[in-house]
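Heads up, the thing below is written out as structure tokens.
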Amino acid sequence: MAAIVIVGAQWGDEGKGKATDILGGLVDYVVKPNGGNNAGHTVVVGGEKYELKLLPAGVLSETATPILGNGVVINLEALFEEIDGLEARGADASRLRISANAHLVAPYHQVMDRVQERFLGKRAIGTTGRGIGPTYADKVSRVGIRVQDIFDESILRQKVESALDYKNQVLVKMYNRKAIVAEEIVQYFLSYADRLRPMVIDATLVLNEALDQGKHVLMEGGQATMLDVDHGTYPFVTSSNPTAGGASVGSGIGPTKITSSLGIIKAYTTRVGAGPFPTELFDKWGEYLQTVGGEVGVNTGRKRRCGWYDSVIARYASRVNGFTDYFLTKLDVLTGIGEIPICVAYDVDGVRHDEMPLTQSEFHHATPIFETMPAWDEDITDCKTFEDLPQKAQDYVRRLEELSGARFSYIGVGPGRDQTIVLHDVLADN
């Protein structure tokens, strides 16, 4: 039995999809415990590139059962568009299952998201505008609509009307928008009920029974540690808990059953949207990482902000998630750049901080303290073992490992599934 949770250790886009794709073919279930169609990931299988948003990367596994857990918020239109797109390319999404307790994104959530961001102006968070935050807000406020609700029309209508009693007041009187018609929302949800019904399960029961039978479960977290609503760079965060603890809550798998916590981390750092970013680059090297690393958001099309590796954040992520292992990605992007700076600590108003500053204000004023290491010039994309890497690349990896709080068990040297060096097999260890 193994229950492995995959967590982004930075601000997202670390390569969680690749890690899930590799491990997903070796497990029985792949569950997405949080997020929605606001965070995309790219998976390369057999030379084919798949860009997924709502579905877990495990949907491309030929053997694993992919599950959207209770912590996910689901846009049904986006869900079936993604399924249809995969099947049009020959992929089989028929094994997908969905928790009856997952919440649904309503059209009015997307409207609220966009008008709120517009109202905030320069203070906007930089959301994707897909209604994720408002859906989670309704969940916490106990006025959300769950998957199970669309199979009972009377309950569905009651919940939609109740939600719109308040939201229409806000839209009309505060934002000068038209009121949303409740019946249109009800019919929108009902139109998906028949297609959705065969997919819906008691995910908590299924997953725990699988573990009791000695099967393997992979929890594929969305977003990343530094976007966690509690542990991230608040308020520039997502609306869920994309950390190891959140994976337990969003899947219904108890924390004592989690056997490994695998952090996914780039050999440099990126971020999309607003918020502090101590190692951010504004020179030619930022543009270099952006171009060579292909740093454009799958979901938004926005260019990612790029910076050097930040070991302060890595140590913080290790602590918050209890990482047992790291999966280092995009090492190949650093080939041939001369010298590689590594952030080992921060300077905040003349005081050295080896760990995350206590307050958000201090973090905003943090200046990175760097040490540098020489880069390598050799092409590493065909390396199969750690010993195949140039010595300078080995030294860089080992230094990051020393600084980051957990052992490095996987190293990505290219986008392909087979372009991965395995130092420790987390499944074999469990």
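Glycine is treated like the rest: Cβ placed from N, Cα and C.
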Checklist outcome for this item: Given that Swiss-Prot records ASP13, GLU14, GLY15, LYS16, ASN38, ALA39, GLY40, HIS41, ARG142, GLN223, THR238, ARG302 as binding IMP, the matching residue among THR128, THR204, THR256 is THR128
Next on the checklist: Using a 10 Å cut-off between Cα atoms, which of these binding-site residues sit near ARG304 (substrate binding site): ASP13, THR42, THR128, GLN223?
Outcome noted: ASP13
Next on the checklist: Looking at the binding-site residues listed here (ASP13, GLN223, LYS303), whose Cα lies nearest to that of VAL413 (GTP binding site)?
Outcome noted: ASP13
Next on the checklist: Just to verify: the residue among LYS18, HIS41, LYS303, ARG304 with the fewest other Cβ atoms within 10 Å, which of the recorded positions is it?
Outcome noted: LYS303
Checklist entry - Counting Cβ atoms within 10 Å across all protein chains shown, which of the binding-site residues GLY12, GLY15, GLY40, GLY301 comes out on top? => result GLY12
Item to check | Of ASN38, THR42, THR128 (the binding-site residues), the residue whose Cβ has the fewest other Cβ atoms within 10 Å | outcome: THR42
Next on the checklist: Distance check, please: Cα of THR128 (IMP binding site) against Cα of GLY12 (GTP binding site), rounded to an integer number of angstrom.
Outcome noted: 14
Next on the checklist: On the three-state reduction of DSSP, what should I expect for LYS303 (substrate binding site)?
Outcome noted: strand
